[in-house]
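For A:1-40, A:118-148, A:191-230, the entry in TrEMBL reads region 'Disordered'. Per TrEMBL, the feature compositional bias 'Pro residues' maps to A:118-129. Sequence annotations record features per position, and here TrEMBL assigns compositional bias 'Low complexity' to A:208-217. Feature annotation from TrEMBL assigns motif 'VHIID' to A:357-361. Marked as region 'Leucine repeat II (LRII)' by TrEMBL: A:405-437. Summarising the annotation, TrEMBL assigns motif 'LXXLL motif' to A:466-470. If you look up TrEMBL, you'll see A:558-634 marked as region 'SAW'.
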């Protein structure tokens with residue numbers, strides 16, 4: 001066993017991390033290694049060894065771990081019996097455990113079992129960049145490549161089993177260095193189930209570039225010499241994917257590592273990680289792959305964004321495309337429908353017994369919210385009121401009058417169901433450009449219908465529009481003042497339920513990752529209304545909806561400053577903002593809740609969706625995660641002058 | 001439009017009682033000679049499935065079975081305490097595509113969903129769930145959205161009617 005050599009050279013206690021095993025910030029090696037420790041393995045078995053080293057077993061894995069320990073015991077016993085040379089087998093196994101983190105007992109056991117039971121499949125040649133990438137776990141300090149302090153004289157023991165005979169290329173150090181060979185703290189779950197023997201082989205790299213690597217890493221630990229010799233696997237080769245869940249976790253960690261690198265301005269490392277993420281993502285399935293793909297693309301965009309926006313980028317920013325994707329998003333999952341239905345219910349209730357009503361919509365788009373309101377108004381027991389609708393939309397790049405077309409359609413619908421309807425469209429690139437008097441003023445030709453005696457009841461509706469204003473300071477306050485000036489009976493606000501606007505880039509990234517993962521999951525689940533759309537159509541809707549979300553992801557991750565418009569904030573934050581602006585909450589009634597619940601019952605995958613009520617606001621989420629929140633507001637008594 | 005597989009035996013069953021009835025009263029009379037009003041009277045009491053099947057019998061039967069009045073009856077039969085005036089409801093629903101469409105797109109799936117999983121929401125698991133105001137409101141809202149989506153703004157007539 002050559003291990004002892006390396007240990008002694010690294011400096012006495014460095015190789016034996018008994019002392020630091022309990023301290024997670026120390027080097028991550030599992031400590032057994034040398035023959036001196038081998039005897040322990042021989043007699044007491046695994047348990048005592050682990051306990052002595054302060055291994056932490058996660059409680060969720062207890063049963064699993066126990067079972068595996070049993071299996072391992074059996075396997076070891078049988079192997080020991082089978083092998084001709086007892087003494088060489090067990091120390092071999094024991095020494096192989098050096099590379100794994102004590103806290104991840106389950107993974108270690110898995111690797112042991114897999115080694116003993118079945119040889120792992122032969123490794124294809126690793127992609128050069130991937131080999132230099134490590135996963136980051138934020139609990140651990142970063143240290144430079146462990147192999148750095150290894151003397152080049154390490155050789156490996158002749159393999160005992162055929163599994164070790166396969167070809168494995170060690171990572172060439174210079175290439176690795178140029179690729180940004182940053183070694184992050186070892187995350188247990190990100191470990192590959194690769195024979196540790198291979199990892200020893202990997203570490204045949206020269207220490208000459210260690211200093212440059214150290215500089216690159218930028219976060220060399222002081223205790224490098226101490227910890228380095230202990231098992232830090234030199235490379236994580238994405239080869240033996242044991243189970244998708246594991247690689248999914250690895251993927252998440254890779255993403256987090258990448259984001260952290262970006263935050264640290266370590267762009268080379270981030271770049272390498274992005275490529276690694278793409279590789280990992282390919283091994284995934286379904287929503288996770290797509291989410292990872294979008295996030296990776298967004299990070300890549302952020303890394304390379306020095307160059308100015310190209311023609312393609314500008315074309316992709318067109319509002320028409322956005323509306324198209326938005327429409328598909330509407331069809332593919334219930335979030336927008338939920339938003340519309342709950343907001344409409346609040347508006348209806350606020351308008352009860354009013355003869356003249358005015359709705360101001362901050363984001364008209366294709367006007368999908370209003371047919372239902374028109375229908376509900378038409379069927380009012382006291383008969384429909386006269387409805388005026390003011391729609392606000394962004395300037396269209398191709399000069400088509402989308403806003404007017406929508407108004408036309410709504411007018412035709414209103415006519416056919418007998419609701420007196422008037423429409424006005426406003427084009428504004430930002431809501432802050434509007435003035436309250438513009439919204440309130442009427443068209444000239446009202447004729448004799450304009451009885452001044454009847455005051456108009458106004459409702460302001462904003463579905464996922466307010467968060468854009470946060471990109472410019474003071475814009476939101478200005479708009480809310482304008483809303484106050486309009487003197488609405490009710491203001492309905494629907495926003496994404498997430499904090500994509502606070503803290504550091506890493507915080508935002510993490511939050512967005514969780515949020516959009518849930519979103520994408522729910523897209524998989526929701527089947528949509530079975531009656532209308534065929535399977536293919538559903539898939540098309542879903543694909544477009546994913547693209548729609550992908551654009552949001554890109555904005556959240558890659559953009560900054562005024563460009564970053566997707567500044568989502570949580571319901572709590574919005575509550576604060578509205579209260580400060582002079583609004584008080586209006587509780588959404590049980591009708592809204594019932595309607596929302598029924599709406600979800602229609603969706604196949606409706607099992608995953610949850611409607612919840614918190615303090616008068618309704619949220620719709622996927623499993624335990626709320627994703628969209630509707631709230632209603634009135635002008636508070638204090639604010640009315 | 002609902003297309004049910006033509007079920008010969010069902011058709012026979014539908015026709016037989018009537019023709020028997022007629023035979024009793026007036027001697028041998030062909031169903032085809034029955035007054036349309038009478039057929040409509042009979043069909044008014046039929047459930048949705050029967051109506052659908054009747055519509056598959058022949059062109060004449062289809063015309064009769066697709067009459068909106070029949071489907072209005074089918075839809076509103078199970079509605080409980082719905083606060084809409086009959087006339088008001090009729091005019092709105094007909095404008096938005098009609099009761100038959102309402103039923104096939106938004107009531108039938110609801111019933112199927114409710115029957116499949118009696119959720120705490122409906123709180124009942126019997127054959128003909130009673131529909132309250134909220135269910136009706138929801139189905140009407142969805143109908144209106146569907147109509148709106150199918151509208152073609154360039155034409156000046158309603159694009160959402162009938163087939164499809």
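Backbone N, Cα and C atoms are what each Cβ position is placed from, and that goes for glycine too.
Across the region 'Leucine repeat II (LRII)' (A:405-437), the prediction's mean pLDDT works out to 91. With helix defined as DSSP H, G or I and strand as E or B, the region 'Leucine repeat II (LRII)' (A:405-437) counts 18 helix, 8 strand, 7 coil. For the motif 'LXXLL motif' (A:466-470), the DSSP-based tally of helix, strand and coil residues reads 5 helix, 0 strand, 0 coil. In terms of DSSP secondary structure, the motif 'VHIID' (A:357-361) contains 0 helix, 5 strand, 0 coil.
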